[in-house]
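Engineer: Next up is a structure, given as structure tokens.
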Amino acid sequence: MANYFNTLNLRQQLAQLGKCRFMGRDEFADGASYLQGKKVVIVGCGAQGLNQGLNMRDSGLDIAYALRKEAIAEKRASWRKATENGFKVGTYEELIPQADLVVNLTPDKQHSDVVRSVQPLMKDGAALGYSHGFNIVEVGEQIRKDITVVMVAPKCPGTEVREEYKRGFGVPTLIAVHPENDPKGEGMAIAKAWAAATGGHRAGVLESSFVAEVKSDLMGEQTILCGMLQAGSLLCFDKLVEEGTDPAYAEKLIQYGWETITEALKQGGITLMMDRLSNPAKLRAYALSEQLKTIMAPLFQKHMDDIISGEFSSGMMADWANDDKKLLTWREETGKTAFETAPQYEGKIGEQEYFDKGVLMIAMVKAGVELAFETMVDSGIIEESAYYESLHELPLIANTIARKRLYEMNVVISDTAEYGNYLFSYACVPLLKAFMTEIQPGDLGKAIAEGAVDNAQLRDVNEAIRGHAIEKVGQKLRGYMTDMKRIAVAG
């Protein structure tokens, strides 16, 4: 199989990369009705599989889970989760032939095997659904021409998909129809009904393409969402300890600091995050972020280039074939870092203290978000897609670090995201070594003293922060998410 994106000519590539339309709420007036009375079979019962299924059932759809024979016979976790929640469970052979929509929610590396198994069993004219387009775009999976291929991609972990639905809300979602597989022209109707059944229409839906979703998703998770948080955690912890900070305090400042400062990001973008700082600290954070952007821009561009060309995917798939040797080695090495093994701090850190003593961390967030956004847009990805894959998901990933440090982040994210995270962080840490030697008192671990600032300089910095394209598109998109649940910040 050939990488689908690389089979397209330049005009087709640009058209698919740039496909992005914010859909009106009136387009979802029919809710999930298009799928009501039809049989939906989900393959895989992980975080996305279970939680999407729960939402879809609560929206009135007929949901069942198809699992491998051995998973059922051995009563594995997937079987237990599905049966404990009252779902019908059966083998591929028992359930797939009757399905009107088969939703493949297994991990990326299993997609080819799953599709190879279910496709011969699918009835003529059925639909195949994904929540990530890697198998179609990067692997180049060929699907029977009578089958409609659609995608509904919630921009949150599966647990959040469920929690927001239970609150009567939802999470922002991308939907798409594979242009090579829409024989009856019903792909968009299926995708809209599926998105409505998960609650995504209440938080905003982007009509996208498989290509745009994959390329932007890979870029976001490798750089700002996971790679920058991992590199920043390791660099900042080592710097604090080197400067004499108690390792336990340093660990807590970083572990919970990302979550606390990105909660402001979630509610009001980079503008609000920077407004939590004193004027002198804001000017310093801005200056640091500009330095970081200059240093890291080539690394961000390399990741985007390797994603566009398929170099990243081919390298990762080679590691799949080698029993994940690189991935598992990197995972083990990360678990042995000083940050991961530091003792816990039992004292309290106030919310504002995370901002006041985390100026460098704020600068890293600002630089990473803006660089990821800018690099995606420069590559032909529309601003709305770039926003969701950079700024929007960051607080959710930061929340995983607050639970159990980098270990938890790497457990929760997909293996694809984890592999890309290590590629980025292993390159970023040495890249920023020299920069870290120039850190001043007040940048990290100590607050910058209050003092006078130049009015004109402060005005210019405020205008630069608020005038960035991600702030403009973010203000519009956050307007659809006014009911977002607030992440509890640590003490």
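Including glycine, each Cβ sits where the backbone N, Cα and C put it.
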Engineer: Based on Swiss-Prot, name the residue from D124, D146, D182, D217 that is recorded for the same Mg(2+) 2 site as E389, E393.
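Structural biologist: Among D124, D146, D182, D217, only D217 appears alongside E389, E393 as Mg(2+) 2-binding in Swiss-Prot.
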Engineer: G140, G158, G168: which one does Swiss-Prot list with C45, G46, A47, Q48, R68, R76, S78, D108, K109, Q110 for the NADP(+) site?
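Structural biologist: So the NADP(+) site in Swiss-Prot includes C45, G46, A47, Q48, R68, R76, S78, D108, K109, Q110 plus, from the candidates G140, G158, G168, G158.
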Engineer: Which one, from the binding-site residues C45, A47, has the smallest tally of other C-beta atoms lying within 10 Å of its C-beta?
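Structural biologist: The binding-site residues C45, A47 were compared, and A47 has the fewest Cβ atoms within 10 Å.
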Engineer: Other residues near the Mg(2+) 2 site, CB within 8 A of the CB centroid of D217, E389, E393?
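Structural biologist: These residues sit around the Mg(2+) 2 site: K155, S216, M219, G220, E221, L225, Y388, S390, H392.
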Engineer: Specify the nearest of the binding-site residues D217, E221, E389, E393 to G158 (NADP(+) binding site), where nearness means the distance between Cα atoms.
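Structural biologist: Smallest Cα separation from G158 (NADP(+) binding site) among D217, E221, E389, E393: E393.
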Engineer: If you compare CA-to-CA distances from R68 (NADP(+) binding site) to each of the binding-site residues D217, E221, E389, E393, S414, which comes out shortest?
Structural biologist: S414
Engineer: If you measure from the C-alpha of E389 (Mg(2+) 2 binding site), which of the recorded positions S78, K109, H132, E221, S414 fall inside 10 Å?
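Structural biologist: So the list reads E221.
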